[in-house]
Amino acid sequence: MEGLTTEIVIQTLVSGLLWGCIYALIAIGLTIIFGVMDIVNFAHGEFLMVSMFIVYSLSLLGINPLISLPVAAIALFALGILSYKTLIRRVLDAPMLAQIFVTFGLMIFLRNLAHLIYSADYRSVAVSVFQGRVEVLGIYLSTPQVIAALVAAVMTAAVYWFITKTEMGWALMAVAENKNAASLMGINSERMYALAWGIGAACVGVAGALLANFYYIFPEVGALFGLLAYVVVALGGFGSIQGAFVAGIIIGVTEALAGLLIDPSVKYVIVFSVYVVVVVLRPKGLMGNV
Amino acid sequence: MKESKILSQENASLQTKIVSKGKTVQGVLLFFASLALVILPYVVQQPFYLHVFILIFLYAVMGGAWNILGGYTGQVSLGHAVYFGIGAYASTMLMMEWQISPWLGMLIGMILAVLVSLAIGYPTFRLKGHYFAIATLALGEIFMIIFSNWEWVGAAVGLYLPILPSVWINFQFTEKTPYYYIALGMLGLTLLVTRLVEKSRLGYYFRAIKNDQDAAKALGINTTYYKMVAMAISAALMAMAGTFYAQYVLYIDPNSVLAMSISIQACLVAVMGGVGTLWGPVIGAAILVPLSEFTRSYLGGSGSALDLVVYGVLIMLIAVFQPAGLMGLFGRNQARRKEA
């Protein structure tokens, strides 16, 4: 292939890595909710979209995206808990399909609510602190993307630390492992479920706030990212945080390479095919322990 | 309610009597309902109402198709748009390129859909639960992207079917009534197939796989084989619905026949009505289609998304308050729970 220099390949790999960090953070939110209560939230992409629109709306008021990031995270934490309290809690004992459909309803509701308020137009944030490109060892990367990936990686590490090293995280894992045994230990499973939804939504909220700095904002934006998140979670193994991180990077790099070597318009065919092949060979995903 | 109250008394002879009486009542009701549907186009003349009925039948066929695999066999597919799309594209391309009647095209589309479903099913049936659902979702997207970039089938622009004389061999009509009867016939066929599956050995194997795959395997049931059978039946019916859609709307593109929303709709119809039941998809379609069509015509006029906002809320409400599907309203379990 002509023009395929080492620099371009490295640049593509790094760019894929950066995207992978963001995919990982989105997917981790999803996998936490699944890990704790075995429910796939099909409105996860829409949570991302809500966060992006929060940052967008605040930017219209001239508020710096750095300030709106924690605002979006807290708002999404609240949205997660609200979704749990009003909807999910009522279908805990219902068949899996009813649980899926509550979140499908939520997806349709949120997507079209955004459509109703903001119309279908593509928007971008009015104020952006991070602009331009940075040069690292001869390769050029967009600044907002580098910062987003770094924050996403830090956030991922923080969530991992919270789950594995703090008492509340252990309580979450205990409920995930065995709800009844956990409640015998005095853990309030109800509170832990709400917490899982809060943290899961906050993760995707941070991802959305980061993404809003360099990606178009529109009501359907959650569709692609949501789909990628399901694929990342299934590839990594449902419920596994490390799995979601590794899978996020794999998907990001695969996407970038497929776009470079084959064609950008069919890159997701390659991405999803890689996922299907891996998951057929390893039916529980890379690190699934279900 | 009254019937179930009597049923709860421990009187076996009375029970059988009432069950058989219940069956006769059901049969009579079914007869009159079918009769009413057959004469309906003579009474209802407004195209909009006929259109709503046609869509109800179409969605009931899609839901019924999904139900064979998802409802009876317990394999939740979120990629059934693939088979719908194959049905739509196969008959359309055969007609446009080689002037083959869409009726024959429909059969070829169904065969193609079955072949593709087997190719998809063979590897993915190793996956269970959510893993299977997400894999089918991803495969659905793969088809969507390929068709969106495939020039021969019109890529993302889609295909306008040439307008042909309104005769049966062309599967094209200027009136809505013929479409109404075709859709009704397809629904009848779907219900018949479902009924046959339900009553046959196949149905027992399917339910055994749904209840406990490992146990079914331990009992000597070739689970992969029977899941593939369920998938094939399901795909064929879905492709049939796809051809109907193409001939009814006379325009197809990846967004309207291969999108994830098609897979979700098929699944939604069955889940809302009641999965793994004969009438579930019919009830689901009879509720969801008018809901979406009427909210669209009353609320969606200005191009806003208010209709879909309301639609989303209603889906959440139904899922929260009637998680077993609307069939549960008519079922014995529901009546018993109310008594208790």
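For all residues, glycine too, the Cβ spot is worked out from N, Cα and C.
All annotation found in TrEMBL is predicted automatically rather than curated by experts.
So that you can see what the record holds, here are the features copied from TrEMBL:
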TRANSMEM  B:24-42  transmembrane segment
TRANSMEM  B:48-69  transmembrane segment
TRANSMEM  B:76-96  transmembrane segment
TRANSMEM  B:102-122  transmembrane segment
TRANSMEM  B:129-147  transmembrane segment
TRANSMEM  B:153-171  transmembrane segment
TRANSMEM  B:178-197  transmembrane segment
TRANSMEM  B:228-250  transmembrane segment
TRANSMEM  B:262-288  transmembrane segment
TRANSMEM  B:308-330  transmembrane segment
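Here the transmembrane segment (B:129-147) has long-range neighbours at 75-82, 85, 89, 120, 153, 155, 254, 258-260, 263, meaning same-chain residues at least 6 beyond its ends whose C-beta is under 8 angstroms from one of its own.
Proximity of the transmembrane segment (B:178-197) to the transmembrane segment (B:262-288) is established through 3 or more Cβ-Cβ distances under 8 Å for residue pairs spaced 6 or more apart.
Between the transmembrane segment (B:48-69) and the transmembrane segment (B:262-288) there are at least 3 Cβ pairs closer than 8 Å, counting only pairs 6 or more residues apart in sequence, which means the two stretches are in contact. The list of residues near the transmembrane segment (B:228-250) in space but at least 6 beyond its ends in sequence, with Cβ under 8 angstroms from a Cβ of it, reads 54, 58, 61-62, 64-70, 72-73, 75, 77, 80, 83-92, 102, 105-106, 109-114, 116-118, 120-122, 125, 160-161, 163, 171-172, 179, 182-183, 186, 189-190, 193, 197, 202, 206, 256-257, 266.
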